[in-house]
(Lines of atoms letter the chains of each structure in order from A and count residues from 1; the text may use other names and numbers.)
(Lines give C-alpha, C1' and ligand atoms only; values in the text may rest on other atoms or scores of the structure.)
Protein backbone atom coordinates (compact mmCIF):
# COMPACT_ATOMS: atom_id res chain seq x y z
CA UNK A 1 0.00 0.00 0.00
CA UNK A 2 1.50 3.41 -0.97
CA UNK A 3 2.64 5.50 1.98
CA UNK A 4 0.13 8.03 3.25
CA UNK A 5 -2.88 5.86 2.33
CA UNK A 6 -4.65 4.40 5.32
CA UNK A 7 -6.53 1.06 5.37
CA UNK A 8 -9.73 2.97 6.13
CA UNK A 9 -9.31 5.02 2.89
CA UNK A 10 -9.10 1.83 0.86
CA UNK A 11 -12.21 0.45 2.60
CA UNK A 12 -14.07 3.70 1.94
CA UNK A 13 -13.19 3.59 -1.73
CA UNK A 14 -14.27 -0.06 -1.93
CA UNK A 15 -17.55 0.86 -0.27
CA UNK A 16 -18.11 3.69 -2.71
CA UNK A 17 -17.94 6.32 0.03
CA UNK A 18 -16.11 9.52 -0.87
CA UNK A 19 -13.54 10.59 1.70
CA UNK A 20 -13.42 14.06 3.27
CA UNK A 21 -10.70 16.57 2.65
CA UNK A 22 -7.99 15.04 4.83
CA UNK A 23 -6.77 16.84 7.91
CA UNK A 24 -3.15 16.44 9.12
CA UNK A 25 -2.78 12.98 10.69
CA UNK A 26 -1.84 14.24 14.16
CA UNK A 27 -4.76 16.68 14.44
CA UNK A 28 -8.00 16.37 16.35
CA UNK A 29 -9.87 16.75 13.06
CA UNK A 30 -8.08 13.67 11.71
CA UNK A 31 -9.39 11.53 14.56
CA UNK A 32 -12.91 12.92 14.18
CA UNK A 33 -12.89 12.18 10.45
CA UNK A 34 -11.58 8.64 11.05
CA UNK A 35 -14.39 7.99 13.54
CA UNK A 36 -17.00 9.29 11.11
CA UNK A 37 -15.53 7.14 8.37
CA UNK A 38 -15.63 4.04 10.57
CA UNK A 39 -19.31 4.59 11.41
CA UNK A 40 -20.29 5.25 7.78
CA UNK A 41 -18.41 2.14 6.67
CA UNK A 42 -20.12 0.04 9.27
CA UNK A 43 -23.58 1.39 8.37
CA UNK A 44 -22.83 0.67 4.70
CA UNK A 45 -21.81 -2.91 5.53
CA UNK A 46 -24.90 -3.44 7.71
CA UNK A 47 -27.13 -2.23 4.84
CA UNK A 48 -25.41 -4.80 2.61
CA UNK A 49 -26.14 -7.51 5.19
CA UNK A 50 -29.82 -6.48 5.33
CA UNK A 51 -30.10 -6.92 1.56
CA UNK A 52 -29.24 -10.63 1.99
CA UNK A 53 -32.52 -11.38 3.81
CA UNK A 54 -36.12 -11.51 2.56
CA UNK A 55 -37.98 -8.20 2.46
CA UNK A 56 -40.61 -9.19 5.03
CA UNK A 57 -37.93 -9.49 7.73
CA UNK A 58 -36.06 -6.32 6.80
CA UNK A 59 -38.01 -3.65 8.81
CA UNK A 60 -37.61 -5.52 12.15
CA UNK A 61 -33.97 -6.34 11.44
CA UNK A 62 -33.32 -2.75 10.34
CA UNK A 63 -34.55 -1.46 13.74
CA UNK A 64 -32.24 -3.93 15.49
CA UNK A 65 -29.27 -2.99 13.31
CA UNK A 66 -29.95 0.72 13.95
CA UNK A 67 -29.52 -0.02 17.69
CA UNK A 68 -26.31 -1.87 16.89
CA UNK A 69 -24.98 1.05 14.80
CA UNK A 70 -25.90 3.42 17.65
CA UNK A 71 -23.90 1.25 20.09
CA UNK A 72 -20.95 1.17 17.67
CA UNK A 73 -21.15 4.95 17.20
CA UNK A 74 -20.92 5.45 20.96
CA UNK A 75 -18.04 2.98 21.15
CA UNK A 76 -15.88 4.86 18.62
CA UNK A 77 -16.71 8.27 20.14
CA UNK A 78 -15.70 7.30 23.65
CA UNK A 79 -12.08 7.85 24.53
CA UNK A 80 -11.86 4.66 26.57
CA UNK A 81 -13.70 2.59 29.14
CA UNK A 82 -12.01 4.15 32.15
CA UNK A 83 -13.89 6.67 34.25
CA UNK A 84 -12.39 9.63 36.09
CA UNK A 85 -11.41 7.98 39.38
CA UNK A 86 -11.25 11.33 41.18
CA UNK A 87 -14.97 11.92 40.56
CA UNK A 88 -16.01 8.94 42.72
CA UNK A 89 -17.84 10.22 45.80
CA UNK A 90 -18.36 8.56 49.16
CA UNK A 91 -21.55 6.48 49.22
CA UNK A 92 -24.28 8.44 51.04
CA UNK A 93 -25.48 6.80 54.26
CA UNK A 94 -28.95 5.99 52.90
CA UNK A 95 -27.66 4.69 49.53
CA UNK A 96 -27.51 1.05 50.65
CA UNK A 97 -30.21 -0.27 52.96
CA UNK A 98 -29.50 -3.20 55.22
CA UNK A 99 -31.82 -6.11 54.46
CA UNK A 100 -32.30 -6.74 58.20
CA UNK A 101 -34.00 -3.31 58.47
CA UNK A 102 -36.72 -4.28 55.99
CA UNK A 103 -40.10 -5.14 57.47
CA UNK A 104 -41.99 -8.29 56.54
CA UNK A 105 -45.53 -7.77 55.21
CA UNK A 106 -48.39 -8.61 57.57
CA UNK A 107 -49.13 -12.25 56.98
CA UNK A 108 -52.50 -11.52 55.43
CA UNK A 109 -53.41 -13.46 52.29
CA UNK A 110 -55.10 -10.52 50.52
CA UNK A 111 -52.28 -8.05 51.30
CA UNK A 112 -49.60 -10.38 49.94
CA UNK A 113 -51.67 -11.36 46.91
CA UNK A 114 -52.19 -7.66 46.03
CA UNK A 115 -48.43 -7.13 46.25
CA UNK A 116 -47.61 -10.18 44.13
CA UNK A 117 -50.14 -9.15 41.47
CA UNK A 118 -48.02 -6.02 40.91
CA UNK A 119 -44.93 -8.12 40.12
CA UNK A 120 -43.38 -9.74 37.04
CA UNK A 121 -40.47 -12.19 37.41
CA UNK A 122 -37.90 -12.06 34.61
CA UNK A 123 -35.06 -14.54 34.16
CA UNK A 124 -32.07 -13.94 31.90
CA UNK A 125 -31.99 -17.17 29.90
CA UNK A 126 -29.60 -16.40 27.04
CA UNK A 127 -26.63 -18.54 28.12
CA UNK A 128 -25.57 -21.93 26.83
CA UNK A 129 -24.19 -24.75 28.99
CA UNK A 130 -21.10 -25.18 26.79
CA UNK A 131 -18.62 -23.98 29.44
CA UNK A 132 -19.82 -26.87 31.63
CA UNK A 133 -19.68 -29.35 28.75
CA UNK A 134 -23.45 -29.40 28.13
CA UNK A 135 -25.46 -28.82 24.94
CA UNK A 136 -28.38 -26.39 24.70
CA UNK A 137 -29.55 -23.72 27.17
CA UNK A 138 -27.78 -23.66 30.52
CA UNK A 139 -31.19 -23.48 32.21
CA UNK A 140 -31.88 -27.15 31.38
CA UNK A 141 -28.82 -28.56 33.21
CA UNK A 142 -30.03 -30.77 36.14
CA UNK A 143 -28.81 -29.18 39.37
CA UNK A 144 -30.65 -30.96 42.16
CA UNK A 145 -32.79 -34.13 42.32
CA UNK A 146 -32.82 -34.21 38.48
CA UNK A 147 -34.49 -30.78 38.47
CA UNK A 148 -33.10 -28.08 36.16
CA UNK A 149 -32.69 -24.32 36.80
CA UNK A 150 -35.92 -23.80 34.85
CA UNK A 151 -37.80 -26.51 36.79
CA UNK A 152 -36.80 -24.92 40.09
CA UNK A 153 -37.82 -21.43 38.90
CA UNK A 154 -41.25 -22.66 37.78
CA UNK A 155 -41.71 -24.54 41.10
CA UNK A 156 -40.88 -21.38 43.10
CA UNK A 157 -43.38 -19.19 41.25
CA UNK A 158 -46.10 -21.84 41.20
CA UNK A 159 -45.71 -22.19 44.98
CA UNK A 160 -46.18 -18.41 45.41
CA UNK A 161 -49.22 -18.38 43.12
CA UNK A 162 -50.86 -21.32 44.90
CA UNK A 163 -50.03 -20.16 48.44
CA UNK A 164 -51.39 -16.64 47.98
CA UNK A 165 -53.88 -17.25 45.13
CA UNK A 166 -51.77 -14.84 43.05
CA UNK A 167 -50.86 -14.62 39.39
CA UNK A 168 -47.14 -13.81 39.09
CA UNK A 169 -46.03 -14.35 35.48
CA UNK A 170 -42.60 -15.70 34.53
CA UNK A 171 -40.78 -14.10 31.60
CA UNK A 172 -37.70 -15.65 29.99
CA UNK A 173 -35.33 -13.44 28.00
CA UNK A 174 -33.79 -15.87 25.51
CA UNK A 175 -31.03 -15.37 22.98
CA UNK A 176 -30.88 -16.74 19.44
CA UNK A 177 -28.78 -19.53 21.00
CA UNK A 178 -31.46 -20.67 23.46
CA UNK A 179 -34.77 -19.60 21.92
CA UNK A 180 -35.74 -22.72 19.95
CA UNK A 181 -34.79 -25.24 22.66
CA UNK A 182 -36.48 -23.19 25.40
CA UNK A 183 -39.76 -22.94 23.46
CA UNK A 184 -39.89 -26.75 23.24
CA UNK A 185 -39.09 -27.22 26.94
CA UNK A 186 -41.60 -24.61 28.16
CA UNK A 187 -44.47 -26.72 26.76
CA UNK A 188 -44.07 -29.24 29.59
CA UNK A 189 -45.20 -26.58 32.12
CA UNK A 190 -48.64 -26.15 30.48
CA UNK A 191 -50.49 -27.69 33.44
CA UNK A 192 -48.63 -25.56 36.01
CA UNK A 193 -50.10 -22.49 37.68
CA UNK A 194 -47.61 -20.14 36.02
CA UNK A 195 -48.05 -18.01 32.91
CA UNK A 196 -44.78 -18.19 30.97
CA UNK A 197 -43.82 -15.60 28.36
CA UNK A 198 -40.64 -15.50 26.29
CA UNK A 199 -38.93 -12.91 24.14
CA UNK A 200 -35.60 -12.74 22.38
CA UNK A 201 -32.81 -10.29 23.05
CA UNK A 202 -31.00 -8.77 20.07
CA UNK A 203 -28.62 -10.56 17.77
CA UNK A 204 -25.69 -8.32 16.78
CA UNK A 205 -22.81 -8.99 14.37
CA UNK A 206 -19.31 -9.47 15.78
CA UNK A 207 -16.84 -6.90 14.46
CA UNK A 208 -13.36 -7.62 13.17
CA UNK A 209 -10.71 -6.00 15.36
CA UNK A 210 -8.67 -5.29 12.25
CA UNK A 211 -11.09 -3.20 10.21
CA UNK A 212 -14.10 -2.61 12.51
CA UNK A 213 -16.56 -4.22 10.08
CA UNK A 214 -18.92 -7.16 10.67
CA UNK A 215 -17.37 -10.59 9.98
CA UNK A 216 -20.79 -11.95 8.91
CA UNK A 217 -21.31 -12.36 5.15
CA UNK A 218 -25.13 -12.52 5.26
CA UNK A 219 -28.12 -12.71 7.60
CA UNK A 220 -28.29 -16.51 7.64
CA UNK A 221 -27.34 -16.65 11.31
CA UNK A 222 -27.68 -20.45 11.68
CA UNK A 223 -25.12 -20.89 8.89
CA UNK A 224 -22.42 -18.95 10.76
CA UNK A 225 -23.36 -18.68 14.46
CA UNK A 226 -19.84 -17.54 15.40
CA UNK A 227 -20.32 -14.30 13.47
CA UNK A 228 -23.17 -13.19 15.78
CA UNK A 229 -23.65 -12.63 19.52
CA UNK A 230 -26.30 -11.58 22.08
CA UNK A 231 -25.17 -8.13 23.33
CA UNK A 232 -25.29 -8.64 27.12
CA UNK A 233 -28.23 -8.28 29.49
CA UNK A 234 -28.29 -4.47 29.21
CA UNK A 235 -30.17 -5.17 25.97
CA UNK A 236 -33.14 -6.19 28.16
CA UNK A 237 -34.79 -2.75 28.28
CA UNK A 238 -35.17 -2.20 24.53
CA UNK A 239 -36.10 -5.76 23.63
CA UNK A 240 -38.58 -6.09 26.53
CA UNK A 241 -40.39 -2.98 25.26
CA UNK A 242 -40.21 -4.10 21.63
CA UNK A 243 -41.72 -7.48 22.55
CA UNK A 244 -44.92 -5.72 23.66
CA UNK A 245 -44.66 -7.29 27.14
CA UNK A 246 -43.75 -4.04 28.93
CA UNK A 247 -46.92 -2.34 27.66
CA UNK A 248 -49.03 -5.44 28.41
CA UNK A 249 -47.88 -5.67 32.05
CA UNK A 250 -48.31 -1.93 32.69
CA UNK A 251 -51.88 -2.15 31.32
CA UNK A 252 -52.52 -5.08 33.70
CA UNK A 253 -51.60 -2.80 36.63
CA UNK A 254 -48.24 -4.42 37.34
CA UNK A 255 -45.63 -2.06 38.77
CA UNK A 256 -42.27 -3.82 39.18
CA UNK A 257 -40.18 -6.51 37.58
CA UNK A 258 -37.70 -8.66 39.49
CA UNK A 259 -34.91 -9.61 37.13
CA UNK A 260 -32.06 -12.06 37.75
CA UNK A 261 -29.78 -14.63 36.11
CA UNK A 262 -31.48 -18.01 35.76
CA UNK A 263 -28.35 -19.73 37.12
CA UNK A 264 -28.53 -17.80 40.42
CA UNK A 265 -30.43 -20.27 42.60
CA UNK A 266 -30.61 -17.73 45.44
CA UNK A 267 -32.59 -15.20 43.39
CA UNK A 268 -36.11 -15.95 44.63
CA UNK A 269 -39.01 -13.51 45.04
CA UNK A 270 -38.47 -11.76 48.38
CA UNK A 271 -41.63 -10.47 50.08
CA UNK A 272 -39.70 -8.08 52.36
CA UNK A 273 -38.16 -6.25 49.37
CA UNK A 274 -41.53 -6.30 47.57
CA UNK A 275 -43.16 -4.80 50.69
CA UNK A 276 -40.68 -1.90 50.48
CA UNK A 277 -41.65 -1.28 46.84
CA UNK A 278 -45.42 -1.86 46.63
CA UNK A 279 -46.61 -2.78 50.15
CA UNK A 280 -47.31 -0.83 53.31
CA UNK A 281 -43.60 0.08 53.64
CA UNK A 282 -43.65 1.80 50.25
CA UNK A 283 -41.65 5.04 50.40
CA UNK A 284 -43.42 8.35 49.72
CA UNK A 285 -40.84 9.05 47.01
CA UNK A 286 -40.95 6.04 44.69
CA UNK A 287 -37.89 3.80 44.54
CA UNK A 288 -37.58 3.18 40.80
CA UNK A 289 -34.58 0.85 40.86
CA UNK A 290 -33.13 -1.56 43.43
CA UNK A 291 -29.85 -3.38 43.06
CA UNK A 292 -29.29 -6.24 45.48
CA UNK A 293 -25.69 -6.19 46.68
CA UNK A 294 -23.98 -8.44 49.19
CA UNK A 295 -20.80 -8.26 51.26
CA UNK A 296 -17.70 -8.68 49.15
CA UNK A 297 -15.24 -11.45 50.02
CA UNK A 298 -11.86 -12.21 48.48
CA UNK A 299 -13.65 -14.56 46.07
CA UNK A 300 -15.70 -11.65 44.66
CA UNK A 301 -13.03 -9.04 43.99
CA UNK A 302 -13.81 -8.81 40.25
CA UNK A 303 -17.57 -8.33 40.72
CA UNK A 304 -19.20 -4.98 39.95
CA UNK A 305 -19.71 -2.61 42.88
CA UNK A 306 -21.81 0.43 43.80
CA UNK A 307 -20.40 3.95 43.70
CA UNK A 308 -21.74 7.49 43.95
CA UNK A 309 -20.73 9.71 41.04
CA UNK A 310 -22.12 13.07 39.93
CA UNK A 311 -24.65 12.66 42.76
CA UNK A 312 -26.09 9.48 41.23
CA UNK A 313 -25.78 5.91 42.44
CA UNK A 314 -24.21 3.77 39.74
CA UNK A 315 -22.63 0.42 38.98
CA UNK A 316 -18.85 0.27 38.55
CA UNK A 317 -17.48 -2.72 36.61
CA UNK A 318 -13.81 -3.74 36.58
CA UNK A 319 -13.65 -3.01 32.81
CA UNK A 320 -14.22 0.71 33.55
CA UNK A 321 -11.44 0.97 36.14
CA UNK A 322 -8.19 2.73 35.12
CA UNK A 323 -5.32 0.18 35.26
CA UNK A 324 -3.56 2.03 38.08
CA UNK A 325 -6.68 1.71 40.30
CA UNK A 326 -7.54 -1.99 39.74
CA UNK A 327 -6.06 -2.91 43.15
CA UNK A 328 -8.18 -0.20 44.81
CA UNK A 329 -11.27 -1.62 43.05
CA UNK A 330 -10.49 -5.13 44.33
CA UNK A 331 -10.01 -3.93 47.91
CA UNK A 332 -12.61 -5.39 50.26
CA UNK A 333 -12.11 -2.40 52.59
CA UNK A 334 -12.62 0.31 49.94
CA UNK A 335 -15.59 -1.30 48.18
CA UNK A 336 -17.55 -3.42 50.64
CA UNK A 337 -20.34 -4.62 48.35
CA UNK A 338 -20.68 -6.33 45.01
CA UNK A 339 -23.60 -6.58 42.60
CA UNK A 340 -25.57 -9.87 42.65
CA UNK A 341 -27.39 -8.87 39.41
CA UNK A 342 -30.73 -9.25 41.20
CA UNK A 343 -32.55 -6.12 40.02
CA UNK A 344 -35.98 -4.70 40.89
CA UNK A 345 -37.14 -2.01 38.45
CA UNK A 346 -40.30 0.06 38.11
CA UNK A 347 -42.08 -0.76 34.83
CA UNK A 348 -43.48 2.75 34.26
CA UNK A 349 -39.99 4.19 34.87
CA UNK A 350 -38.47 1.78 32.31
CA UNK A 351 -41.10 2.98 29.83
CA UNK A 352 -40.28 6.62 30.64
CA UNK A 353 -36.48 6.40 30.22
CA UNK A 354 -36.96 4.56 26.91
CA UNK A 355 -39.48 7.13 25.61
CA UNK A 356 -37.31 10.05 26.72
CA UNK A 357 -34.19 8.32 25.36
CA UNK A 358 -32.32 8.90 28.63
CA UNK A 359 -31.18 5.29 28.98
CA UNK A 360 -27.39 5.33 28.90
CA UNK A 361 -25.27 2.32 29.85
CA UNK A 362 -21.49 2.07 29.69
CA UNK A 363 -20.22 -0.11 26.86
CA UNK A 364 -18.35 -3.31 27.73
CA UNK A 365 -15.86 -4.30 25.04
CA UNK A 366 -15.47 -8.08 24.94
CA UNK A 367 -12.50 -9.35 22.91
CA UNK A 368 -12.83 -12.82 21.38
CA UNK A 369 -10.93 -15.00 18.94
CA UNK A 370 -13.05 -17.14 16.59
CA UNK A 371 -12.19 -20.75 15.78
CA UNK A 372 -10.63 -19.67 12.47
CA UNK A 373 -8.30 -17.28 14.32
CA UNK A 374 -10.19 -14.07 13.44
CA UNK A 375 -9.89 -11.57 16.30
CA UNK A 376 -13.23 -9.87 16.96
CA UNK A 377 -14.88 -7.53 19.42
CA UNK A 378 -18.41 -7.68 20.71
CA UNK A 379 -20.00 -4.62 22.29
CA UNK A 380 -22.19 -5.30 25.31
CA UNK A 381 -24.00 -3.48 28.10
CA UNK A 382 -24.96 -4.59 31.63
CA UNK A 383 -28.53 -4.32 32.95
CA UNK A 384 -27.36 -2.82 36.28
CA UNK A 385 -25.52 0.01 34.50
CA UNK A 386 -28.91 1.65 33.84
CA UNK A 387 -29.20 2.40 37.56
CA UNK A 388 -28.03 5.99 37.17
CA UNK A 389 -30.88 6.69 34.70
CA UNK A 390 -33.60 6.08 37.32
CA UNK A 391 -34.88 8.25 40.19
CA UNK A 392 -34.63 7.14 43.82
CA UNK A 393 -32.31 4.23 43.03
CA UNK A 394 -31.00 2.32 46.07
CA UNK A 395 -28.92 -0.71 46.91
CA UNK A 396 -30.07 -3.33 49.42
CA UNK A 397 -27.36 -5.31 51.21
CA UNK A 398 -28.87 -8.79 51.13
CA UNK A 399 -27.70 -12.01 52.82
CA UNK A 400 -25.21 -14.11 50.88
CA UNK A 401 -27.92 -16.77 50.49
CA UNK A 402 -29.49 -14.61 47.73
CA UNK A 403 -26.37 -15.04 45.62
CA UNK A 404 -25.94 -18.69 44.72
CA UNK A 405 -24.80 -18.79 41.08
CA UNK A 406 -23.80 -22.01 39.33
CA UNK A 407 -21.05 -21.08 36.88
CA UNK A 408 -18.71 -24.04 37.37
CA UNK A 409 -18.76 -27.62 38.61
CA UNK A 410 -17.41 -26.36 41.98
CA UNK A 411 -20.70 -24.42 42.39
CA UNK A 412 -22.61 -27.54 41.36
CA UNK A 413 -20.88 -29.51 44.14
CA UNK A 414 -22.25 -27.03 46.70
CA UNK A 415 -25.87 -27.01 45.47
CA UNK A 416 -26.01 -30.82 45.08
CA UNK A 417 -24.61 -31.43 48.58
CA UNK A 418 -26.18 -31.84 52.02
CA UNK A 419 -25.38 -28.16 52.62
CA UNK A 420 -28.84 -27.44 51.20
CA UNK A 421 -32.34 -28.88 51.30
CA UNK A 422 -34.90 -28.28 48.57
CA UNK A 423 -38.17 -26.62 49.55
CA UNK A 424 -40.76 -25.57 46.94
CA UNK A 425 -38.06 -25.03 44.32
CA UNK A 426 -35.83 -23.00 46.67
CA UNK A 427 -32.53 -24.12 48.19
CA UNK A 428 -32.42 -23.64 51.96
CA UNK A 429 -29.13 -23.93 53.84
CA UNK A 430 -29.05 -26.75 56.37
CA UNK A 431 -29.52 -25.60 60.00
CA UNK A 432 -26.63 -27.96 60.84
CA UNK A 433 -24.21 -25.59 59.11
CA UNK A 434 -22.60 -23.57 61.92
CA UNK A 435 -22.02 -20.39 59.88
CA UNK A 436 -23.89 -18.76 56.98
CA UNK A 437 -21.00 -18.62 54.49
CA UNK A 438 -20.54 -21.38 51.91
CA UNK A 439 -17.25 -23.31 51.70
CA UNK A 440 -14.65 -22.18 49.16
CA UNK A 441 -14.33 -24.99 46.60
CA UNK A 442 -11.73 -25.18 43.82
CA UNK A 443 -11.85 -28.18 41.48
CA UNK A 444 -9.17 -28.72 38.81
CA UNK A 445 -10.22 -27.60 35.33
CA UNK A 446 -8.68 -30.58 33.53
CA UNK A 447 -10.66 -33.28 35.34
CA UNK A 448 -13.77 -31.60 36.79
CA UNK A 449 -14.89 -28.77 34.45
CA UNK A 450 -17.42 -30.79 32.40
CA UNK A 451 -20.61 -31.84 34.25
CA UNK A 452 -20.57 -35.43 32.98
CA UNK A 453 -16.94 -35.95 34.02
CA UNK A 454 -17.54 -34.19 37.36
CA UNK A 455 -20.46 -36.52 38.19
CA UNK A 456 -18.39 -39.57 37.21
CA UNK A 457 -15.80 -38.73 39.88
CA UNK A 458 -18.22 -38.97 42.82
CA UNK A 459 -19.98 -42.20 43.87
CA UNK A 460 -22.16 -39.68 45.69
CA UNK A 461 -21.60 -36.06 46.75
CA UNK A 462 -19.53 -35.92 49.99
CA UNK A 463 -20.85 -34.59 53.31
CA UNK A 464 -19.57 -30.98 53.41
CA UNK A 465 -21.61 -29.54 56.31
CA UNK A 466 -18.37 -28.77 58.23
CA UNK A 467 -16.18 -27.94 55.23
CA UNK A 468 -14.38 -24.56 55.04
CA UNK A 469 -12.13 -25.00 52.02
CA UNK A 470 -11.62 -27.73 49.42
CA UNK A 471 -9.00 -27.80 46.66
CA UNK A 472 -8.82 -30.79 44.33
CA UNK A 473 -6.29 -31.05 41.51
CA UNK A 474 -5.51 -33.93 39.15
CA UNK A 475 -7.06 -37.36 38.63
CA UNK A 476 -9.06 -37.82 41.87
CA UNK A 477 -12.20 -39.89 42.57
CA UNK A 478 -14.42 -40.06 45.67
CA UNK A 479 -16.06 -43.22 47.06
CA UNK A 480 -19.50 -43.34 48.64
CA UNK A 481 -20.11 -41.66 52.01
CA UNK A 482 -16.97 -39.49 52.13
CA UNK A 483 -16.98 -36.65 54.70
CA UNK A 484 -14.88 -33.49 54.19
CA UNK A 485 -14.31 -31.11 57.13
CA UNK A 486 -12.23 -27.99 57.77
CA UNK A 487 -9.59 -27.44 55.06
CA UNK A 488 -8.96 -30.35 52.68
CA UNK A 489 -6.42 -30.27 49.85
CA UNK A 490 -6.13 -33.24 47.47
CA UNK A 491 -3.45 -33.07 44.78
CA UNK A 492 -2.70 -35.99 42.42
CA UNK A 493 0.60 -35.62 40.60
CA UNK A 494 0.61 -35.83 36.80
CA UNK A 495 0.23 -39.50 35.83
CA UNK A 496 -0.93 -40.53 39.33
CA UNK A 497 -4.48 -41.18 40.47
CA UNK A 498 -5.96 -40.80 43.94
CA UNK A 499 -9.11 -42.71 44.92
CA UNK A 500 -10.57 -41.46 48.20
CA UNK A 501 -12.01 -44.64 49.76
CA UNK A 502 -15.69 -45.05 50.67
CA UNK A 503 -16.53 -43.78 54.17
CA UNK A 504 -13.30 -41.75 54.50
CA UNK A 505 -13.39 -38.78 56.88
CA UNK A 506 -10.88 -36.08 55.89
CA UNK A 507 -10.58 -33.24 58.41
CA UNK A 508 -7.85 -30.60 57.91
CA UNK A 509 -5.87 -32.96 55.66
CA UNK A 510 -3.54 -32.64 52.70
CA UNK A 511 -3.61 -35.70 50.43
CA UNK A 512 -0.63 -35.74 48.07
CA UNK A 513 0.23 -37.60 44.85
CA UNK A 514 1.34 -40.85 46.46
CA UNK A 515 -1.79 -41.01 48.66
CA UNK A 516 0.00 -39.85 51.80
CA UNK A 517 -2.53 -38.21 54.12
CA UNK A 518 -1.02 -35.37 56.15
CA UNK A 519 -2.47 -33.17 58.87
CA UNK A 520 -3.19 -29.66 57.62
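Each residue, glycine too, has its Cβ placed from N, Cα and C.
Quick look at what TrEMBL lists:
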BINDING   138, 201, 232, 263, 407  UTP binding site
BINDING   233  substrate binding site
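Long-range Cβ neighbours of residue 138 (UTP binding site) (same chain, at least 6 residues apart, Cβ-Cβ under 8 Å): 127, 128, 129, 132, 149, 178, 262, 263.
Comment: UTP site residues 138, 201, 232, 263, 407; largest CA to CA distance 21 Å, whole number. Residue with the densest Cβ environment among the binding-site residues 233, 407: 233, by other Cβ atoms within 10 Å. Distance from the CA of residue 233 (substrate binding site) to the CA of residue 201 (UTP binding site) is 8 Å. In sequence order, 364, 380, 381, 382, 383 are the residues near residue 232 (UTP binding site), counting only same-chain partners six or more apart with C-beta under 8 A.
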